[in-house]
Amino acid sequence: MFKMVSSPHTHGTNLTAKFMLWVIVAMLPALIVQIAFFGTGVVIQLAIALSMAIVIEIVVAKLRHKSTTFYLADLAGVVTATILAMAIPPYAPYWVVMIGMIVALLLAKHCYGGLGQNLFNPAMVAYAFLLISFPVQMTSWLPSFELLAEPPTFKDAWLLIFKGVTSDGFTSRQLLSGIDGIAQATPLDSAKTSIAKLGFDGVIQSPIFSGIFARGWLQLNLAFLAGGLFLLYKRIIHWQIPVAMLVVFSVLSALTDLVTMHTHLNVLSQLFSGAMMFGAFFIATDPVSASITPKGKLIFGGLIGLLAYLIRYYGSYPDAIAFAVLLANLCVPLIDHYTQPRLYGTHK
């Protein structure tokens, strides 16, 4: 028997796998930029993450008596693996991304019932778990390669990830020993801990900054921005979430900068020195864990911008995107409940 469904009975060509494939394509420019400025470690992390995704999806399919490729065909696991691999430090130990993929796919996705059922963004659940559980490994970012006397080769990247040392016996921390002014994980970390003493002008004179922008991070964020605009053009994502998120964050940051007189990085530095563009276009726009109503998307995006601002400026973690997205995910059922569009023909 056929299941009765309401009309119109039209076939949509935009399958889940097609949407996911466009997201992957949109992340390729940022992946290339990350390799160029931060090395080939991200390629190895991505390979590990993809391998784990394939294994986990096959195991879960078998446990649920599905076909082997049942959970692989939609490419959702591939997108999660790509986001997580690009979010963690390129030279983090191999077991970090392996644990992260287990948390992302098993705990944050399949324990909720699989694709379309999860309350939280799986990649951000894994990232937050890793950051809390392994803070040293998750803050082991190397600066842009132009600051390193001997940038790690692919062989060195492999050895750093699997053995913790390069072919010359250097750890990732030792690779920084010849660079003055670098004592923290990322430009946002460095600025947060030193701006009170050095001031804004002193911070941007650090080697990790080129003008008001962090070396490598500006190009990476521009690549994510380009990919996000491509997704908007292809109508894979909606404009409300990234626009609301960036506008709210920018306005609050600008007002704070006016009031506190350069005790924080300025708005442009904040937008292009961390994961803001990555979060706005590729993380916050997750179609499952984000709001689904037009007004709800604006509220959801604005809430992420507000939370990211509060955590960055007044919290202990300088980037804040993961925690802001997860906290906003908690509010999605409430947001959707109160922002349902009025049915045609009904009274306001």
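Cβ coordinates are placed from backbone N, Cα and C, and glycine is handled just like the others.
Here is what Swiss-Prot says about this protein:
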- THR186: FMN phosphoryl threonine (MOD_RES)
- 19-39: transmembrane segment (TRANSMEM)
- 41-61: transmembrane segment (TRANSMEM)
- 66-86: transmembrane segment (TRANSMEM)
- 87-107: transmembrane segment (TRANSMEM)
- 122-142: transmembrane segment (TRANSMEM)
- 212-232: transmembrane segment (TRANSMEM)
- 236-256: transmembrane segment (TRANSMEM)
- 265-285: transmembrane segment (TRANSMEM)
- 291-311: transmembrane segment (TRANSMEM)
- 315-335: transmembrane segment (TRANSMEM)
Worksheet item: the transmembrane segment (315-335) and the transmembrane segment (265-285): do they have three or more Cβ pairs under 8 Å, with pairs 6 or more apart in sequence?
Response: yes
Worksheet item: Same chain, outside the transmembrane segment (291-311) by at least 6, Cβ under 8 Å from its Cβ: which residues?
Response: 238, 240-250, 252-253, 256, 276, 279-280, 284, 317, 320-321, 323-325, 327-328, 331-332, 335-336, 339-341
Worksheet item: What residues in the same chain, six or more past the boundaries of the transmembrane segment (212-232), come closer than 8 Å to it by Cβ-Cβ distance?
Response: 22-23, 25-30, 32-34, 36-38, 143-147, 186-187, 204, 238-239, 242, 265-266, 268-269, 271-274, 276-278, 280-282, 285
Worksheet entry | Beyond the flanks of the transmembrane segment (236-256) by 6 or more, those residues with Cβ under 8 Å of it | 19, 22-23, 26, 228, 264, 266-267, 270-271, 276, 279-281, 284-285, 287, 290-291, 294, 297-302, 304-306, 308-309, 313
Worksheet item: Taking residues 6+ outside the transmembrane segment (66-86), which of them lie with a CB under 8 Å of any CB in it?
Response: 16-17, 20-21, 23-24, 27, 30-31, 34, 42, 45-46, 48-50, 52-54, 56-58, 60, 97, 100-101, 104-105, 109, 114-115, 122-123, 126-127, 278, 282-283
Response to the item:
Cβ density check for THR186 (FMN phosphoryl threonine), other Cβ within 10 Å (all protein chains) comes to 20
